[in-house]
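S.K.: Before we start, here is the structure in question, set down as structure tokens.
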Amino acid sequence: MKKPILGSHVGMSKSNKHGEYLIGSVKEALSYEANTLMFYTGAPQNSVRTATDKLYIEEFNQLLKENNINKDHIVVHAPYIINISNPVNQTTWDFGVDFLKQEIKRCEDIGVKILVLHPGARLKGDYTDALNALVKGLNAVASSQTNVIIALETMAGKGTEVGLSLNDFKYVIDNVNEPEKVAVCLDTCHMHDAGYDFNNWELIKEEINKTIGKDKVLCFHLNDSKNPLLAHKDRHENIGYGYIGFDNLLKVLWDEEYIDIPKILETPYVEDKPPYKEEIENLINKNFSKKVK
């Protein structure tokens, strides 16, 4: 059987101890024995960005080639400050569209195809109005997308978030002008917190097939959850230490139907240290033996 495509969130900054910018991102992933990676192109909480020609793209490509990492499996995460589901504040929506266009351009420059985006929050607006604002926003950025596909992330339902249900994503995909430019990222913690029970992964797969279709799943965020089913909290837990459990996450990772889809760990650091090397080893060996805490 094929080996899963498994990596984690890694840094992408001048000060990464593994190396500057994209060089450090790949070297950090390799230190975890990962075969893919996810990074932000700048801080997730602000709009300050280093020009892409300073990110060592050529060296990045060379490192990927030398280490047999398929660039098509690499994921970029859009910053949290984009909210194109906001139906009540035009300024916020306009900023989100403009900044998302910039992020798309940066992904095009780097050559990464998968851009994960949080759908956003409705604030005081109506839920359907928020989904329509999201559709409008995705239509507004579509002309910027040449190779990049936006993968909307499933959300936990914290506050006024939209995108809790696979039906939300079906609605968006059905209504955008260019559906081929929109896909989905399944976050296991968020889905669990929104009410999807990973004790029955087969049932979740049926729901995927009935709504968005499995071809629309571009990546997974593989996380355990600190909270029980339907908690709407969004607090990630280390693999095997939460309410989803090691065996259930193993089923997702090794599922033959999704074996070629990248899975990304976003689990918490333990005592300021990344747990990813141990978590990847446990998941690949199908053995919960390396304790991270």
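Count begins at 1; order follows the chain as displayed.
From the backbone N, Cα and C atoms, a Cβ is placed for every residue, glycine too.
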S.K.: Return the residue out of Glu58, Glu59, Glu153 that Swiss-Prot annotates for the same Zn(2+) 1 site as His77, His118.
M.R.: Glu153
S.K.: Expressed to the nearest Å, what is the distance separating His236 (Zn(2+) 3 binding site) and Glu266 (Zn(2+) 2 binding site) at their Cα atoms?
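M.R.: Cα to Cα, His236 (Zn(2+) 3 binding site) and Glu266 (Zn(2+) 2 binding site) are separated by 7 Å.
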S.K.: Which binding-site residues from the set Asp187, His190, His221, Asp234, Glu266 come within 10 angstroms of Glu153 (Zn(2+) 1 binding site), judged by C-alpha positions?
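M.R.: Matched binding-site residues: Asp187, His190, His221, sequence order.
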S.K.: What's the number of neighbouring CB atoms sitting within 10 A of the CB on His190 (Zn(2+) 3 binding site)?
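M.R.: Its Cβ shell of radius 10 Å holds 27 other Cβ atoms.
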